[in-house]
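Notes follow the structure.
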Amino acid sequence: MATASDRKLPNILITGTPGTGKTTTCELLAIATGLNNINVGTIVKEKECHEGIDEKFDAFILDEDKLVDEMEDMMSAGGNIVDFHSCDFFPERWFDLVVVLRTYNEILYPRLEKRGYKQHKIEENIEAEIMQVVLEEARESYKPEIVIELMSNTVEEMEDNVNKIEEWVENYKATHQ
Ligand code: ADP
Ligand code: MN
């Protein structure tokens with residue numbers, strides 16, 4: 001099994017509160033780098049890595065073990081960009097870089113409204129963003145030196161983020177041949 005140090009291509013986790021721009025960023029990053037884009041939400045649905053739906057929050061109740069099993073082969077091979085809103089149950093050894101996207105409330109709120117989220121789900125997510133829940137989770141789950149926080153309020157910031165991560169990938173490739 002490839003470990004963090006001998007993977008020729010890196011695995012990158014893009015995480016953050018819903019609406020911070022994970023999926024858009026991952027899609028741009030996959031085009032820029034040629035890395036494989038894994039939308040975890042899609043795997044959860046298609047491979048049924050869940051135990052039904054939490055009615056109150058309109059969200060799947062994850063079967064984390066099944067999900068990790070489903071992803072293991074791809075992750076061991078390296079070269080993946082992983083898009084998910086939580087990160088504490090993934091094996092630590094999977095990731096070489098963990099990016100936490102952040103968005104100001106006044107920008108995040110209308111994004112979630114536009115998405116048609118119920119009021120209490122919007123509030124839950126806004127509160128999570130204020131409390132830095134995902135950032136704290138990332139810092140507790142991975143070595144601090146691989147966790148970076150990037151602002152994602154504007155299209156310009158998103159483009160900067162993609163460029164920055166692309167540079168990081170190029171550097172990784174050059175030093176892991
Ligand atoms: P996530 O996957 O984190 O839930 P999405 O990538 O689906 O977020 O983005 C949610 C919405 O917000 C989309 O309509 C997207 O175009 C917009 N968006 C995301 N990030 C930005 C950004 N940095 N600047 C402007 N719009 C953004
Ligand atoms: Mn998404």
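In case you wondered, yes, glycine gets a Cβ from its N, Cα and C as well.
No curator has checked TrEMBL annotations; they are predicted automatically.
The Cβ of Lys22 (ATP binding site) has Ile14, Thr15, Gly16, Asp83, Phe84, His85, Leu101 as same-chain neighbours under 8 Å, each 6 or more residues away in sequence. Annotated ATP binding site per TrEMBL: Gly19, Gly21, Lys22, Thr23, Thr24, Arg115, in sequence order.
Mean predicted confidence for the region 'NMPbind' (39-62): the pLDDT average there is 91. The feature region 'NMPbind' is assigned by TrEMBL to 39-62.
Marked as region 'LID' by TrEMBL: 114-124.
Highlighted in sequence order, Pro18, Thr20, Thr25, Arg111 have their Cβ within 8 Å of the centre of the Cβ atoms of Gly19, Gly21, Lys22, Thr23, Thr24, Arg115, the residues recorded for ATP, and are not part of that set.
Among the residues Gly19, Gly21, Lys22, Thr23, Thr24, Arg115 said to bind ATP, no two Cα atoms are farther apart than 14 Å. All protein chains considered, the CB of Gly21 (ATP binding site) has 24 other CB atoms within 10 Å. For the region 'LID' (114-124), same-chain residues at least 6 beyond its ends with a Cβ under 8 Å from one of its own Cβ atoms are 18-19, 56-58. The helix, strand and coil residue counts that DSSP assigns across the region 'NMPbind' (39-62) are 7 helix, 10 strand, 7 coil.
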